[in-house]
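Colleague: Let me give you the structure first, and then I'll get to my questions.
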Amino acid sequence: MKPRARGWRGLAALWMLLAQVAEQAPACAMGPAAAAPGSPSVPRPPPPAERPGWMEKGEYDLVSAYEVDHRGDYVSHEIMHHQRRRRAVPVSEVESLHLRLKGSRHDFHMDLRTSSSLVAPGFIVQTLGKTGTKSVQTLPPEDFCFYQGSLRSHRNSSVALSTCQGLSGMIRTEEADYFLRPLPSHLSWKLGRAAQGSSPSHVLYKRSTEPHAPGASEVLVTSRTWELAHQPLHSSDLRLGLPQKQHFCGRRKKYMPQPPKEDLFILPDEYKSCLRHKRSLLRSHRNEELNVETLVVVDKKMMQNHGHENITTYVLTILNMVSALFKDGTIGGNINIAIVGLILLEDEQPGLVISHHADHTLSSFCQWQSGLMGKDGTRHDHAILLTGLDICSWKNEPCDTLGFAPISGMCSKYRSCTINEDTGLGLAFTIAHESGHNFGMIHDGEGNMCKKSEGNIMSPTLAGRNGVFSWSPCSRQYLHKFLSTAQAICLADQPKPVKEYKYPEKLPGELYDANTQCKWQFGEKAKLCMLDFKKDICKALWCHRIGRKCETKFMPAAEGTICGHDMWCRGGQCVKYGDEGPKPTHGHWSDWSSWSPCSRTCGGGVSHRSRLCTNPKPSHGGKFCEGSTRTLKLCNSQKCPRDSVDFRAAQCAEHNSRRFRGRHYKWKPYTQVEDQDLCKLYCIAEGFDFFFSLSNKVKDGTPCSEDSRNVCIDGICERVGCDNVLGSDAVEDVCGVCNGNNSACTIHRGLYTKHHHTNQYYHMVTIPSGARSIRIYEMNVSTSYISVRNALRRYYLNGHWTVDWPGRYKFSGTTFDYRRSYNEPENLIATGPTNETLIVELLFQGRNPGVAWEYSMPRLGTEKQPPAQPSYTWAIVRSECSVSCGGGQMTVREGCYRDLKFQVNMSFCNPKTRPVTGLVPCKVSACPPSWSVGNWSACSRTCGGGAQSRPVQCTRRVHYDSEPVPASLCPQPAPSSRQACNSQSCPPAWSAGPWAECSHTCGKGWRKRAVACKSTNPSARAQLLPDAVCTSEPKPRMHEACLLQRCHKPKKLQWLVSAWSQCSVTCERGTQKRFLKCAEKYVSGKYRELASKKCSHLPKPSLELERACAPLPCPRHPPFAAAGPSRGSWFASPWSQCTASCGGGVQTRSVQCLAGGRPASGCLLHQKPSASLACNTHFCPIAEKKDAFCKDYFHWCYLVPQHGMCSHKFYGKQCCKTCSKSNL
């Protein structure tokens, strides 16, 4: 049959982490330290001088922190991680630590102890990839550095500190709450540390001065991008004034099944072997803590949302909240969530299918986790799957389901599992709700008397009453019912105490503001609703996304969330900041009710009385009452008349009138069942060969079996002693005397070893009437059979050559247990007493290995002595005095004793005569004077002989305190106050001399020094030793690079040649000149002309500086010019090509005076166009010797000259070819 399941949808919450004071975060802070991928950018806090708060208000105290002993005497200023100093201390040991903070306004003496119980011994974090395990991480004992405790000087105070690097944490008193942090070095100047005489190492400031609203001193950390911001809203999304309810198991009732109406099929290996325990877990472990050894699995989607570096801290934070919910006083039990392992899934795993379909995913996960087992064969009690998908209970797509779990599956190998959707810190409520289903809890208002709208953890919809979640009375009853079954025995395992993986000491709402909580519930664009209507976010967080509408999921803002100016949420109420809200009210028991009527009129029934935790009820996180809610006792123990109907048979007969599978049957008891089923009503139909369990439990007071005093109560077989006291360990001795010593009877023994003919009965022993403790057994396996008859030859066992089956046979006033196996000797056992004489015979079938027998008979005069009536008396038990003198205390407690010998339940004694108990003073006389010595100071030297001292004073303890007295009153001589220490020789060490001067005055150079191995004993002169002697440390460097200053780069000077000048004549033959000039080349590639003497140190290139030129032949006058009225005009031909590409060239053209296309005269000379023109006058580069290996090594070298980087050492060399061309 498929297990029934339950689901829950709860709050999504992402919160705000306050920036640490002056950008200084504690080294061991467990909160996230950086934004996850995809999160908004992280703004840097402003410099310290710009921050408001305690730094500017002066509401701080600079304190010195140091370790002291339990008397408050100084030990050391070195406060390091305590476990790292004492690695031999096991994790399970609760280690004490005493610290003192001393400042100008505060002097705190703290008594601390290590935390425990969240993670189990051997806790590991295992990462699984495609090919299996990728990594396994542990939490080493030395990494646990968290302490809790109180202040000696303040009542009702509490301290929670981390000692990982310095001291960080919170100190709470009735007057104020304080934060303690290491003093950042870069704030020392601002706080005036240098001006003070002492050396404070920490800063202590009130929590009321801590910044609250998001601002310059906060860092927004987004560890998950919520996909719902981009999804369409459900039809029930809340509009302004129309609240949207969150359904834990979805809105469709057909997918919210009821508990199984029939017994589930139980696989042989479904429960641990301890399931066969007969006793109730609640009674066998009444005042003990029940531990749920929990395995947590995180899927791939959730890993992607949070990141591998943050997921472990996030999950442990969630489970820490779950642990607190199960320790809430309203649950009515003492349940501890102990995490045994964390599995991180980076890739899909074979056999595990995770999808939006919650039902299918749960089925796959339950099967997958059932195969997980430790290397030593150990298994977890409970498995939790955390998924980043939006799951749905009835389809493979997102909907309003948050969780799914089988009902009453706890401790089952295949059904103790849940699936939970990640919704931020509200995930803790989902896990608690689904685990509640695993404990057998049903939704409030569904088949029970509790109301749906009370705002409890098991409500069908997620809506806290006044922002407070608790367990309803129905949930408490379901849990009590489950813990009363044998199935819950797996929770009796007691993990060894471990040190707790500590979390940030601040409240969640202080770490994450309301805007961030809205983002996790409604997406990236959501923020706290600020529209014009008043809503109390401490009862329901209202958020705004778009338009003029606000929405809520009826989850209150997290504890510590700012709800107004100088106000915060505490316990569902908006109270003044620093107030704790409503104080917790611890529950107390009401008076016992009267005893109920006896469940039977004879034969031993059960009566009970109860009390309620209602005087008052626990509220606001108060503890539930300790102890049992019900007390049981046996009643009407006299035997029933002989003609009365057997009590179990009467219960079977009640079903005769009820139809079973379509017809009526006559039922009678069937008792051949396993021990764990003795208290179920198994009946067999008369005339048929089938039997059936007609009820899961018989009526209270029904004997577990015919031959046992034990009775069934609530379906559990409870032990009854021979003194007819429920739960008593009293047993009869072999004489049948309750708690006897075997002295009231005579034990008869014998051994029958004769051999006879086969297939005949032979007499072995005659057992008289009244015999007890009868035992007849073969010495070895044989083919013969033990037979029993009475004196009238009536056979009860194996008579008339007929062999009976092994089993229980009732005859002669007692029950005989007959056992026979093919590989075990035959034996017959009975408790007695018998009411007739029995004759034991042997049906001989072959060789006789020997048959032993024994029984007891009462001594004369002891048979009919009636048992004495027990007496019940109060007794006082005093503890040892806490001190031997000087005033101490001792504890006085009461106990109820039977016959002043055996302690029993206190309900048997008269409550009116109950003695007064508590703490009483003792040993008030003054102690004799004695020497009081303090701890030795640190040695003045670490080696070579030093000294240390300690305070020594003569004191006397009087009235719980010590007072100094004259030293003459103490025994002499006085203890030594000074002693030698560290007398061992100092090891040799390296001695390094001063560094020599740098080899270069500019640029990179080298310097050296002398290094030698020398002795370090302070009592002798240092001696040079061979280098091989100094082996404890590496030899210091003898050479190192040095740079005094950078060298100035030389100017890049070079000779440049000018362009050729114009020809000295305009026609015929002339000359041209050019000049060498000194120039400096800029990075951009341009040149600046300098005086020639600047380049005097450079060789001048050998170039031609003068050359001949002939622009055009000079024109000749025509021999004849015709006279006429027309005058010629100047005509010019196109310019010729430039005579040089650089350095100055000449272009020429022909200029003629023409008229009508013929040469003419009369052209005006001053109008004649120019016949030559200078061209390409820019400098020519000096021809340099080309590097045979000059080439480009990258395809982007063309960009180097464009950006003026050819002068760069790297780029100029790698792009040599391109840079050389750019200079042309």
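Positions of Cβ are set from backbone N, Cα and C atoms, glycine also.
What Swiss-Prot lists as signal peptide is 1-24, and the listing cites sequence analysis. The feature region 'Disordered' is assigned by Swiss-Prot to 31-53. What Swiss-Prot lists as compositional bias 'Pro residues' is 40-50. Annotated Zn(2+) binding site per Swiss-Prot: Cys249, His433, His437, His443, in sequence order. Summarising the annotation, Swiss-Prot assigns domain 'Disintegrin' to 496-585. Per Swiss-Prot, the feature domain 'TSP type-1 1' maps to 586-641. Taken from Swiss-Prot, the feature region 'Spacer' covers 747-873. Positions annotated as domain 'TSP type-1 4' by Swiss-Prot, on the basis of sequence analysis: 988-1048. The domain 'TSP type-1 6' annotation in Swiss-Prot covers 1127-1181, and the record cites sequence analysis as its basis. Summarising the annotation, Swiss-Prot assigns domain 'PLAC' to 1186-1223 and lists sequence analysis as the type of evidence.
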Colleague: Near His433 (Zn(2+) binding site), how many other Cβ atoms are within 10 Å of its Cβ?
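Modeller: That number is 31.
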Colleague: Which entry in the list of binding-site residues, His437, His443, has its Cβ near the fewest other Cβ atoms, using 10 Å as the limit?
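Modeller: Each of the binding-site residues His437, His443 was scored; lowest Cβ tally within 10 Å is His443.
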Colleague: Please work out the helix, strand and coil residue numbers for the region 'Spacer' (747-873) from the DSSP assignment.
Modeller: 0 helix, 67 strand, 60 coil
Colleague: Please list the DSSP helix, strand and coil residue counts for the domain 'TSP type-1 6' (1127-1181).
Modeller: 3 helix, 20 strand, 32 coil
Colleague: By DSSP, how many residues in the domain 'TSP type-1 4' (988-1048) are helix, how many strand, and how many coil?
Modeller: 3 helix, 20 strand, 38 coil
Colleague: Quick one: mean pLDDT on the domain 'PLAC' (1186-1223)?
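Modeller: A mean pLDDT of 80 is what the model gives the domain 'PLAC' (1186-1223).
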Colleague: Using DSSP and three states only, what is His443 (Zn(2+) binding site)?
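Modeller: Where His443 (Zn(2+) binding site) sits, the three-state DSSP reduction gives coil.
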